[in-house]
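Report on the structure given below.
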Amino acid sequence: MPGNSSIMGQENCESYFIFHGETSLGVGFRTFLYFLGLAYCFVGLSAITARFFQSMESVVSHTRKVVDINPYTGAEIIRYEKVWNFTIADISLLAFGTSFPQISLATIDAIRNLGKLYAGGLGPGTLVGSAAFDLFPIHAVCVVVPRVGELKKIADVGVWLVELFWSFWAYIWLYIILEVWTPNVITIWEALLTVLQYGLLLMHAYAQDKRWPYFSLPLPRSERPEDWVPAEVVTCKSYSGPCNNYSEILEVGEDENRNVVDIFSIHSGSGIGPVYQNVPGTDETPEYSNKDSPEKMSLEDYHVFAIWRQQFVDAVKLESTEPRKLNNLYLRLARISWQLLLVPWRLLFAFVPPYHIAHGWIAFICSLVFISAIAYIVTQLTDLISCVTGINPYVIAFTALASGTSWPDLVASKIAAERQLTADSAIANITCSNSVNIYVGIGVPWLIDTAYNFFVYKEPLRIENAAGLSFSLLVFFSTSVGCIAVLVIRRRTLGAELGGPRLWAWITFVFFMLLWLIFVVLSSLKVSGII
């Protein structure tokens, strides 16, 4: 592995990405090109995030028809209840989906290492680095995004404590199997137990949400607001065709990022344009399905292929800068350049079927497939950067890969912190993503490699530079205690984890970012053999 003794190394790299002529280019120019390609892949992840969230929103908003009999009159009472429990949706769809870039990268890295006795370091390094990025920078962003003076607290502390316990236990468990039980070696049983603990997390969180006796903490749940998500009117671009209620991009106000899609409300239509229809905070609340709703969506009469065609039209059309009052010529040129940069990605992702088909499941799966494809390209570029520059792959994983692949996590938590009336989903996405990173993101790849080695070579899977990875876990655990302590202090003093006075919010932001820098610097120095 290049760069085991230092962050930077010197050696001639004969590998290439597209054509062999790349090897004749200078080291600096090749490094610049590969980093540029890596950045463009992260832009692609940003573009697919909007479509992924729309599909997940459709999945979570699915309802089923329930018929009850009035015991006094014998009349049928028809109601519609949510298929998905919000706690399970946070842990599974939201956390798993936003962590899928890291999971895909780690799985691809494991498949490439099949037949080798040593596991690849790219996947575990990215997942541990992603956990640090989730916990520190994303928490920092969520603290400052609420409006000035607005406070948002966790409504269900019991569920959050369960999720937090399993998140911390995941990294304790990883340290135990790396350093205590079988040092520097992973057995098939350890990998299997790692994956199975994700199921235990789901069951425990559901038991806490439903307040099952003996399986839940006896903590009261704060009363959730009647409007779980406040109604907010949105505007859409005016086309000659239908209003783009099924288009890729929905704009929330004039100052919002047009790639941001609200994942906590159901899009519904009115005679004027699309609006947000609130999602109730409980699973049993009656509501109308799309088919029986008195406010039917105005676009349901359009054929699915017409809607699909509109996606391609939207992909190649540039957004007008007039509504955003961009009077500065340079700002307009910059925005147009950014939109042109996104056109290839939007055109590619327009092949994802409309998210209202099959309750969004087809679009959900197709989005994950595209994310996996981008993750594969990212692994190739990362190998080339490590080969050309001699930078330790773990260092790249802790920094560039962890930050780039955690973009969906950042977007999801930012949206939740802005739109939801509580901090539950914003913080739950962070803690649950960290759990998913270990139980699924590391567990599944290691299970693949250990099973292959067990049945083919009768040997366990060996971990190269396990000491560096274990050290990173210790640093992460130590700094995470400081992060959680600050959240608890904010709860006790300000009454909420997110928002509050702008000065204190920014002080918290700086502190969290400092903790992240401590983790990155110490981990990079350790895996490089400097400390």
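One-based numbering along the chain as shown.
The backbone N, Cα and C atoms fix where each Cβ goes, glycine too.
Unlike curated records, TrEMBL annotations are generated automatically.
Annotated domain 'Sodium/calcium exchanger membrane region' per TrEMBL: 34-205 (among others), in sequence order.
Under the heading domain 'Sodium/calcium exchanger membrane region', TrEMBL lists 360-523 (among others).
What TrEMBL lists as transmembrane segment is 32-53 (among others).
What TrEMBL lists as transmembrane segment is 157-176 (among others).
Annotated transmembrane segment per TrEMBL: 188-207 (among others), in sequence order. Listed as Cβ neighbours of the transmembrane segment (188-207) (distance under 8 Å, sequence separation of 6 or more from its ends, same chain) are residues 85, 87-88, 91-92, 159, 162-163, 166, 169-170, 173-174, 177, 181-182, 215-216, 432, 435-436, 438-440, 442-444, 446-447, 449-451, 454, 460-461.
Per TrEMBL, transmembrane segment is recorded for 333-352 (among others).
Non-local neighbours of the transmembrane segment (358-377) in the same chain are 37, 41, 44-45, 48, 51-52, 54-59, 62, 93, 97, 100-101, 104-105, 108, 348-349, 351-352, 405; each lies 6+ residues outside the stretch with a CB under 8 Å from one of its CB atoms. Under the heading transmembrane segment, TrEMBL lists 358-377 (among others).
What TrEMBL records for 384-404 (among others) is transmembrane segment.
Outside the transmembrane segment (469-491) by six or more residues, the chain places 121, 124-125, 128-129, 131-132, 135-136, 139, 153-154, 164, 168, 171-172, 174-175, 178-179, 394, 398, 427, 463, 497, 500, 504, 508, 511-512, 515-516, 518-519, 522-523, 526-527 with a CB less than 8 A from a CB of the stretch. TrEMBL lists 469-491 (among others) with the feature transmembrane segment.
Remote same-chain residues near the transmembrane segment (503-525) are listed as 7, 128-129, 132-133, 136-137, 139-141, 143-144, 146, 392, 394-395, 398-399, 468, 471-472, 475-476, 479, 482-483, 486, 490, 494, 531 (criterion: CB distance under 8 Å, separation of at least six residues from the stretch ends). The annotation transmembrane segment is assigned in TrEMBL to 503-525 (among others).
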Apart from its near flanks, which chain residues at least 6 from the ends of the transmembrane segment (157-176) lie with a Cβ under 8 angstroms of it?
87, 91, 131, 194, 197, 200-201, 204-205, 208-209, 211, 216-217, 219, 221-222, 424, 427-428, 431-432, 434-435, 437-439, 442, 470, 473-474, 476-477, 480, 484
